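Engineer: Would you mind keeping the following structure in view while I ask a few things?
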Amino acid sequence: MPPGLLLDESTNCMETFNEECRDAGLNPDATCDPQQAESGLTALVAIASYYHIPARPEALSRELALTGGATCEHLLLAAKAIGLKARIVNVSEERMAKLPRPAIAVLLDGTFAIFAGQVDDGHFRLINPLGFTARDMDFAALQKLTEGRFLLVQRRFLGPGTAQKAFGFSWFLPSIWKYRRAFAHVLVASLFIQIFSLVTPLFFQIVVDKVLAHRSYSTLIVLVVGLVAVGLFDVLLQYLRTYALSHTTNRIDVELGRRLFRHLLNLPLSYFETRAAGQTVARMRELETIRDFLTGQGLFSGLDLIFTGVFIAVLFAYSTTLAWIVVASIPCYLAIGFLIRPFLKERIDEKFNRGAFSQQLLVESIVGAQTLKAAAVEPIVAAQWEERFAAYVRSSFAATMMAAKGQNAIQFVSKVTGVLLLLFGAQAVINGELTVGALIAFNMIAGHVAQPVLRLSQLWQDFQQVQISVSRPSDILNAQAEFRPTSPQALPAPKGHIAFRNVTFRYGAGGRDVLQDVSLTIRPGEVIGIVGPSGSGKSTLTKLLQRFYVPSAGQILVDGQDIAQVDPAWLRSNIGVVLQENLLFNRTIHDNIALTNPAMSREQVIQLAKLSGADEFIVKLPCGYDTMIEERGANLSGGQRQRLAIARALATNPSILIMDEATSALDYESERIILANMREIVRGRTVIIIAHRLATVRGCNRIIGMTDGCIVEEGTHESLTVQTNGLYSRLWQLQHGELA
């Protein structure tokens, strides 16, 4: 049942509670329309206002990509995003009176209410976050509604703007520590496996020294049964260990991948514009190499070393001389690892660079397949890729051979150690210092000493590769995420008033000014056209408005609010953008239109398609709105893709619409269809239209002319065409002459 049903409407104490709520710091006005709100996020926003943290349920829902109601896990993530810490607790009757408030009660129907604590008569108060109606009840009634589940919410003192830590091995530790109990089970299983490995040599010693010497068949049967039992337990434990480790590492992979991908999406546009896609993909893949090291060999190296000490102590109990031979081999293993380290590191580094270089060309070739085929340069590109891939194979071979040299040297030391043990061990048996069974057991245990040491030397080589692997994703994870204010303003949808105040901008520190002291005011609902030659700063102006970049000087205001002080996600969700080339995804037409608002119904999608003129061709398709769009919209014409892009841009009902060369690449029929619907598209919106075809901007309220990053003229079509030497007049005459 919804929260409104759990509260008796007859006990509506809105005015009284609002007063109490404000005294406590809660802000009832922070909630939104009950028809649009979601109980969990609305409750969290109300508690955030208690801690003077601005937030809006709609913004949090967008941040979490919710298409339905929020769960407890969603609320934990949302709390972290706005600078709160939250945890789920189960509360008994004794602790209920002392439960910190305000908290969030988790109702059995999946909705949420605000827990306001104990009132004067000993009852407990729950508040409906959607309507701010309250109901007092005893513990039994409260327990029936919640089963004692609550979310405790407190302020995180560092807030959401905590300084970003440099990427390194420590970046993985929180995710690994989260599953410490599972890893503890794995380590306990490993402990027993190591113990079983110590039992087997002792059984063999008894068989050789006692059973064979005394021909005791019954004792042999007992020992064999014991060995089989130990073997079964050993196999079972190894299976359970593998299952637990694989299951846990898979969960860690999901979490690490999520963290990396979310950080990647939070990087500024400039990051992607200065790096090849293939290089970025290769860097992301290195995350698995690091995780394998930390949760695989790295995890068990400590346990191996501990048992190496135990095994060495057992060896000394058998024979001091033979034990010293085994101990003397350990520094040799370590020395080989240290000597080979710099050479191996160099070759692994080269291997990665060559691999990323070849993958970069592969990604570019797949994305630009049409261009390659149109230019008939497939043989040239194939030769380039073969050259790059051959270089990668050569570097991979060099790294493999260098590692093999180290392994072969270690194996040689191991064989020499085995020969020395055989030599001195045989002498000890001949001299009566050691039994044959003890010598066999000693060699078996010595193998258990050598194996961890060999793994340790291999671990050292793997560590060299992982050190290089760490430097790869660090380019992504150490890159500063897009700036978000520590206390972003929780603002309603903008009305569309835009002001550029003395804005200057350059793309690089040493570059020229792309915009120079630009000042421009756009009133709500006004349709503005911007024209000018290529490179005049038209598109840059709209990128600054979307806060893809920050001005070198000056301010940009939306409804009087400096956009540097607002959440860029909030800003962009209120700006619709249609570019000359718009990316359509390999999904259905419905999903592409509803990309920014996945919860949209089919009726709403159809309404948007009709508004953009897309419904006209969609209904003629065999599967209609369920038609799958091929990658990058290859199965649609340019005009069809553009109309879908316009529908998608309108999905959030933005108050500001940017059309950047949206019709410049279209045929006249497609352009006519879009322009015919333009009056409905721009209704009630502030619209910025950038165009080279002046017919597109002819009907705008104002037309802005730009040259070399400066506004050189503005006015209506009629006023600008009469200016003989004006920019717009000259462009109009050129196009009019061409048309004539």
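For all residues, glycine too, the Cβ spot is worked out from N, Cα and C.
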Engineer: Ranges 70-88, 412-430: which does TrEMBL label transmembrane segment?
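Structural biologist: Based on what TrEMBL states, transmembrane segment spans 412-430.
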Engineer: Using DSSP, how many residues of the domain 'Peptidase C39' (33-153) fall into helix, strand and coil, respectively?
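Structural biologist: So the domain 'Peptidase C39' (33-153) is made up of 42 helix, 31 strand, 48 coil.
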Engineer: Which residues of the chain, 6 or more past the ends of the transmembrane segment (182-204), have a CB below 8 A from one of its CBs?
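Structural biologist: Contacts of the transmembrane segment (182-204) (Cβ under 8 Å, skipping residues fewer than 6 from its ends): 176, 223, 226-227, 230, 233-234, 237-238, 240-241, 244-245, 247-248, 295, 299-300, 303, 307, 310-311, 314, 437, 440-442, 444-445, 448.
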